[in-house]
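Q: Got a structure here, written out as structure tokens. Questions coming.
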């Protein structure tokens, strides 16, 4: 017993290490799952898979220490009855205490009674240490620093006050530890009903300015006063999983008239008409089945529907038109924008630079003043000069304006193919088509025997299992022999002599006890080895299967389902499942050994056991039908809880901005209740079983005792009869333990079943085709030929791309335009083989891309994606994840990406930390990092997918100039919402309904005033001079 304290401390140390390592692995896994699309586009997924494997290796080292320590503890406690018996009998002989059958059998009976509780001590120690570590982690989390609720003085009912927002002599910092100032504000007052614009270059502090009003950034000094209710639209759209309607209402009651008005104001009517289930369409995780413009419009509609007093809009104007502005009339609106055409409508403009307001005033005054604002607006006017010759284009007819609104507003589409999946039935509210995200797959009925077989044969084909069983059988046999030896050798009373000498009696017993202890140590460490290897193999198989899965799997599968398997289910396999499996087998061997001992008394014993065992099996079968499904429900109900928690963390600024914390806490509690209901019933069902098994065990022992007592004295040796009764004491517990472990194993094996579901996912094409690798310098020119390319995303869905045939000549700059769902992003995905064509072919420099490996193709192409992604790590790792470039080359790319000053200002330089998801970098800076990656990679083909959507016009111009100088001889395909970005292209490809509508030089297309491209240019120039409100 004294050993419990140091043993518990040792296991606690390992449990702490396991949990910390698991946290690091799960944090990285979650980050990678969020960014899987960019990893596949860049051919980085294997690099990041190795990163997870490295983190798992660290976790495995802690697991190894825990399992082997636990194996030693188990062996010690399992061997303790034999060790204690040897010490006790040795002491009796040395002290001259006569050993009689009564004394020996009483001692053995005592040891048997204590044996099962002693066997349970290692599990108890493990549970205790795990509980202690978990409580410590929870305490540490609860003690973490929270945001200062008093940093912003809020007066929700203060909508009658003339000042809506006031900031006075304030200083703010994102780094709460060092309190290094990020933002300075001397005095700013936003008058009620005013429209205030915030502009500035990338990294100037625009989003930080909105955050200081929201209270999301630490306040060092000063005063912030907010009078009235707020609504917030984030720069990176945050969309909840669930129905479109629920995202817009966001906890508010339905007001149908206002709801319809908001839909019209935010240009969502056409989108909803195209959705298969209208506003009841289920949105996938992170809005995966929505385009960038649709996500922005939905979150804008969410803000407008709140009817708040103050609106904080962080660069949402890809989704805002003049009609939307009219619905914000007489409201206080603070908006950050890179689209400077919206500035003239502002009552006041704030120009930020290096975290401080350097200019403030009306548009006309700032233009006249020169300095910083002139640089910004000058770049915008220069861009407009490139398209001003289209200003005289004919006014577009109304119906085209409506159908083309997506061209005006869309920030980019994340996935056209998912839009097709959801929008294939254009009848609003139709129920004929399934939602994108389906309920989690759930097996029913009995767990397949192959699951058990997979578990048993995971390590060396199961060749170690017979050795494990042999060790347990030998342990049991030697333990029985040692007890049998003592029962046979000692006399019935003290008047009789021992049948052997004291030395032989003690020597044989000690030898048998030592051999049994050796067997149990061998069994324990062999089980630990098998369990570790099994868990590792299942983890690696699942990891490789998930990373090789096509992108469509990640689009339709919430990350919570994958994380649930990688955390909870994997932990069950790491620490519990193999133990349950082995314990069940060991108990069966123990029960069989007990039968052997009992049969020495009389065959009648077997006649009693057969019906009892039959009844126990019937009871187990009756129980397991419900328990199995309850265990599956527990696993399934856990995923939404994890998903909601991670989703809430991602949108915490929006939730707090709308003052919806209580609603989300309530939803979280409801999900916890949904999870706990089947969990409670699972425990209750187990207790139901335990009660009945205890009753059966007690009755069994009573009948056995009556049988032994009533046997004729000459039929059996008294010592053997006593030994049989001793084993009968533990037999009832063994029956109970077998049924309990069998049921518990079937509950726990559900985790293995769930892991196996994700270990055999459909795989992408091979990453490398050894016998068909293009030359090292391929593509050497950059010519892209698309021949009759047809794409659909499921056999029952219509074509997304229809007979696309065109050629992009080497070195050409191609601009791709088209409304939402026209196929722009699908075209990009076809080039990278994220989706495979149903017919036709893509040929790059005389190589059919369908015949080469995916990594071979993707590593030879470059892309600057719509949604910039940074990973936790360092600046160097984010620019060059594969570590293929020197520091000099990285610094050159940083300089050309306009990030040199930002990174040099950090003490660590290239080793400067990047937080999870790049949260310590602005969205615009993240986009410039993506530009730097492309400059380092510098392939002959570059795709820009809305690459400059998050930067100001001046920075956009710098980026375009950088691309023109650095990719002069490269083929550049640009998908952009800014006309000036594509107006200088050699060719314009306009897609409509998955077909090539127009293709040719922009000058040629603009000559035809009726062409769609000409109308698009005309609308852009018209909108650039349209006030924000009408």
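Every residue gets a Cβ built from N, Cα and C, even glycine.
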Q: Name the residue range among 535-555, 556-576, 577-597 that TrEMBL annotates as transmembrane segment.
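A: Based on what TrEMBL states, transmembrane segment spans 577-597.
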Q: Tell me which range among 388-416, 417-445, 504-532, 649-677 TrEMBL lists as transmembrane segment.
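A: Of 388-416, 417-445, 504-532, 649-677, TrEMBL gives transmembrane segment for 504-532.
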Q: For the feature transmembrane segment as recorded in TrEMBL, pick the matching range from 626-646, 689-709, 710-730.
A: 689-709
Q: Same chain, outside the transmembrane segment (603-625) by at least 6, Cβ under 8 Å from its Cβ: which residues?
A: 595, 685, 688-689, 692-693, 696, 700, 703-704, 707, 724, 735, 738-739, 742-743, 746
Q: So, taking each listed stretch (73-97, 451-475, 577-597, 689-709) in turn and counting its Cβ pairs to the transmembrane segment (504-532) that are under 8 angstroms, which one gives the highest count?
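A: The stretch with the most close Cβ contacts to the transmembrane segment (504-532) is 73-97.
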Q: Could you give the residue numbers and ranges of same-chain residues that sit at least 6 residues beyond the transmembrane segment (577-597) on either side and whose C-beta is under 8 angstroms from one of its C-beta atoms?
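A: Contacts with the transmembrane segment (577-597): 452, 455-456, 468-469, 472-473, 476-477, 480, 484, 527, 530-531, 534-535, 605-606, 609, 723-724, 727-728, 730-731, 734-735, 737-738, 741-742, 744-745, 748-749, 751-752.
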Q: Which sequence positions outside the transmembrane segment (73-97), separated from its termini by at least 6 residues, show Cβ-Cβ distances below 8 Å to it?
A: 3, 7, 11, 103-104, 107-108, 111-112, 114-115, 118-119, 121-122, 125, 475, 479, 482, 486, 502, 505-506, 509-510, 512-513, 516-517, 520-521, 523-525
Q: Please work out the helix, strand and coil residue numbers for the domain 'ABC transmembrane type-1' (1-130) from the DSSP assignment.
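A: Reading the DSSP string over the domain 'ABC transmembrane type-1' (1-130) gives 117 helix, 0 strand, 13 coil.
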